[in-house]
Amino acid sequence: MRECISIHIGQAGIQVGNACWELYCLEHGIQPDGQMPSDKTVGGGDDAFYTFFSETGAGKHVPRAIFVDLEPTVIDEVRTGTYRQLFHPEQLISGKEDAANNFARGHYTIGKEIVDLCLDRIRKLADNCTGLQGFLVFSAVGGGTGSGLGSLLLERLSVDYGKKSKLGFTVYPSPQVSTSVVEPYNSVLSTHSLLEHTDVSVLLDNEAIYDICRRSLDIERPTYTNLNRLVSQVISSLTASLRFDGALNVDVTEFRTNLVPYPRIHFMLSSYAPVISAEKAYHEQLSVAEITNSAFEPSSMMAKCDPRHGKYMACCLMYRGDVVPKDVNAAVATIKTKRTIQFADWCPTGFKCGINYQPPTVVPGGDLAKVQRAVCMISNSTSVAEVFSRIDHKFDLMYAKRAFVHWYVGEGMEEGEFSEAREDLAALEKDYEEVGADSAEGDEEDEGDEY
């Protein structure tokens, strides 16, 4: 078995997690109390969904997940919500006081007290797996818990489970919409550890997803529930090949093999198509070629950056539903001929495709239409550097005046950590710049260095 353990940290991580588990349950026909009427074998069979759920002797299916927050309100919603019976009480870990949007509180003072408990619970989940494949980590880097405790947990996971792959689904601050003043600090400090301790990070950004909801689903004022349901479709498509059988299955470890050319360059853009409301769906023919094209549209990207400004290094297309390899090959061939979609010249093939026969499921009363086929794209593009340069710029403006720094120093950080993290990100921007440069030009310069 190739089990995956999901770790949801902080408010953003937990709320995205709620949307994901709600969707997984619907996809597998698991009721909110964990019973699965269609599953006749008691105890673990070899069905594919055991990658995400474990089964008790009483026939109850329990998610292989853990929810952590430093303050109780968000986790209490899970404890009292529709799916309260789904989770084992020990999987929901909440502290008493908030990280207060402060990376240092999440990482040093308050996070330190709770991290061993989390690792203990993760250890129990891991012992329950026959062949643990890796971790999916959900968090946001703007707040205190997601950034501070999130990076602390990742660092500790690297120590305890060094070889297991870690996929991050990370909510980054948006260009215009801000939820806290110190977002740039938290993001830079947190990215510093994401760089080292995740294998692949998928960037999400609320503003980009708001725009998709507003434009494609005609929701005038999208709520976080709307956003999370869209994000959960992406994550479900990514993990569908682990949970269902298909023609071309994609493994979690395959993402890192196919998408990451150099260890540091592992921040991905994601997009999903078709994002379409029920009213429109009946009037459109959504062929494989069409959904593939719309997945490459800059407006479909779930982070605010324009892939036309950069080059693609690799991309992974996960199709689900009524899709055959012939259509996929034709669609990919068309994409390759487009002028607007440029690939780095050292990566001529650049496509990894997966096909899964399970059509996309929609949440009843949700915004998305039920469609026959969908595609989710995870791409590694040099334009992601825009996200970092935007945050770095805001960081510099504040840090030049040392604004708000005393809150971090007071919780046991040193100013040196700020400059170290900032230098690391400057190096990352430089890395992206170099990877995007044409290799033909690079060859002439290198010849001078050889002795």
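Cβ coordinates are placed from backbone N, Cα and C, and glycine is handled just like the others.
Swiss-Prot lists Gln11, Glu71, Gly144, Thr145, Thr179, Asn206, Asn228 with the feature GTP binding site, giving similarity to another entry as the kind of evidence. Remark: Asn228 (GTP binding site) has Gln15, Val16, Asn18, Ala19 as non-local neighbours, by Cβ distance under 8 Å and separation of at least 6 in sequence.
What Swiss-Prot lists as N6-acetyllysine is Lys40.
As annotated by Swiss-Prot, Mg(2+) binding site applies to Glu71. Other C-beta atoms found within 10 angstroms of the C-beta of Glu71 (GTP binding site) number 19, with every protein chain shown included.
The Cβ neighbour count for Glu254 (active site), using a 10 Å radius and every protein chain shown, is 15. The active site feature in Swiss-Prot is assigned to Glu254.
Residues or ranges marked as site 'Involved in polymerization' in Swiss-Prot (evidence: similarity to another entry): Tyr451.
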Listed GTP-binding residues Gln11, Glu71, Gly144, Thr145, Thr179, Asn206, Asn228 - what's their greatest C-alpha to C-alpha distance in Å?
22
Sort Asn228 (GTP binding site) into helix, strand or coil using the DSSP assignment.
helix
Once the DSSP letters are reduced so that anything not helix or strand counts as coil, what is Glu254 (active site)?
helix
Among Gln11, Thr145, Thr179, Asn206, the one of these binding-site residues whose Cβ has the fewest neighbouring Cβ atoms within 10 Å
Thr179
Keeping only the binding-site residues of Gln11, Thr145, Thr179 whose C-alpha lies within 10 A of that of Glu254 (active site) yields none
Validating a neighbour-count step here. Other CB atoms within 10 A of the CB of Gly144 (GTP binding site): how many?
29
